[in-house]
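What Swiss-Prot says about this protein:
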BINDING   D28, S53  Mg(2+) binding site
BINDING   Y172, L173, E174, A175, G176, S177, G178, G203, G204, G225, T226  sn-glycerol 1-phosphate binding site
Amino acid sequence: MDLKIGKIETELNNILKKEGALYFVLIDPDEKNYAEVAEKVKDYADAIIIGGSIGITNLDEVTKNIKKITNLPVILFPGNVDGVTKEADAVLFMSLMNSKNTYWNMTAPTLGALTIKKYGLEAIPMAYLGIEPISKTAVGFVGEVNEIPQKKPEIASIYCLSASYFGMRWAYLEAGSGAEFPVSNEMILISKKLSGINLIVGGGIRSPDVAYEKVISGADVIVTGTLTEKNPDAVKEMKEAIKRAGKDKLKNKN
C-alpha cells in the first residue's frame, strides 16, 4: 500500500514552506450560514475543513455546495464515522489521543478507514489533542477528553513527540470551539521544539493579534470556526496577521 504524502498535503506543505503559516476555516455543516461563510473565506483561507462534534445529517450536500463556491481544498474533520463523504478532497485521519475512551482514539478511526479507502479520499494522519478548557466544549464532552492542563505544556509536547513516532505528520492542539481562551504560547513553543511535527492550533482564537502570537510561537496552521460563523468578514484581517507572522517566522529562521 502506498503511504506517500498525497496531493492536498503536498500543496499545503508547499504553501507552508513558502509562506510560513496556513489558515484553515472550519465550517460546521449543520450551520445554516455555511454557504455564506464559504463565500466570504474563499479568497483568504488556504483550506476549508468541514466537521462537527454532534450528529451530521447533510454532509454530502454541504460538501458539494461548498466545492461549487470555492476551489480551495475541502478537507473533512470528522467528529465520528458518519463524518465522511466522497465529495471531499481529503480527510484528517485522526486519533483523539487523550480521550478516556478507546473508541475515540482507536476504534472510530479504524471503523472509518475502509470507507475512506473505498471513497479514494486522501488521508492526512493527525493526532488530535484536547487542551484545557476543552472539557467545557462539545468536543470535550462528546470525546470524553482527559484535557491537558495549560500549566503542564510538557504533557502536550510529549504527546506530539509520540504522534511523530507513530508516523503522524500533523498534531492539532485544540482548546475547543468557542473556548474561553486559546492554547498557550508556551505549550505551542515547546510542542513544536520537541517534536518538529506540523502543528495545527485552534479554539478561542478571536483576534488577529492572538493568531499572530500563536504562529510566532510555532503554530503552522491556525483554525477559526466560531469566529467566522459569527463574523465572516473577520477572515481578511485574520489571514493578513497569520501570513505576516509566517513571514516573520521564516525570517527568524534564517
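Cβ atoms here come from the backbone N, Cα and C positions, even for glycine.
All features noted in Swiss-Prot, drawn onto the structure.
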residue: D28; record: Mg(2+) binding site; DSSP class: coil
residue: Y172; record: sn-glycerol 1-phosphate binding site; DSSP class: strand
residue: G178; record: sn-glycerol 1-phosphate binding site; DSSP class: coil
residue: G204; record: sn-glycerol 1-phosphate binding site; DSSP class: coil
residue: T226; record: sn-glycerol 1-phosphate binding site; DSSP class: helix
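Ranked by Cβ neighbours within 10 A across all protein chains shown, the binding-site residues D28, E174 are led by E174.
Rounded to a whole number, the distance between the Cα atoms of D28 (Mg(2+) binding site) and T226 (sn-glycerol 1-phosphate binding site) is 9 Å. Straight-line distance linking the Cα atoms of G178 (sn-glycerol 1-phosphate binding site) and D28 (Mg(2+) binding site), rounded to a whole number, equals 13 Å. Rounded to a whole value, the Cα-Cα separation of E174 (sn-glycerol 1-phosphate binding site) and D28 (Mg(2+) binding site) is 16 Å. Note: the Cα of Y172 (sn-glycerol 1-phosphate binding site) and the Cα of D28 (Mg(2+) binding site) are spaced 17 Å from each other. Taking each of the binding-site residues G176, G178, G204 in turn and counting other Cβ atoms within 10 Å of its Cβ gives the largest count for G176. Residue density at T226 (sn-glycerol 1-phosphate binding site): 20 other Cβ atoms are found within 10 A of its Cβ, drawing on all protein chains shown.
The two recorded residues, G176 (sn-glycerol 1-phosphate binding site) and D28 (Mg(2+) binding site), show a Cα separation of 13 Å. Calculated from their C-alpha atoms, the gap between G204 (sn-glycerol 1-phosphate binding site) and D28 (Mg(2+) binding site) amounts to 16 Å.
The binding residues for sn-glycerol 1-phosphate are recorded as Y172, L173, E174, A175, G176, S177, G178, G203, G204, G225, T226; their greatest pairwise CA distance is 17 Å.
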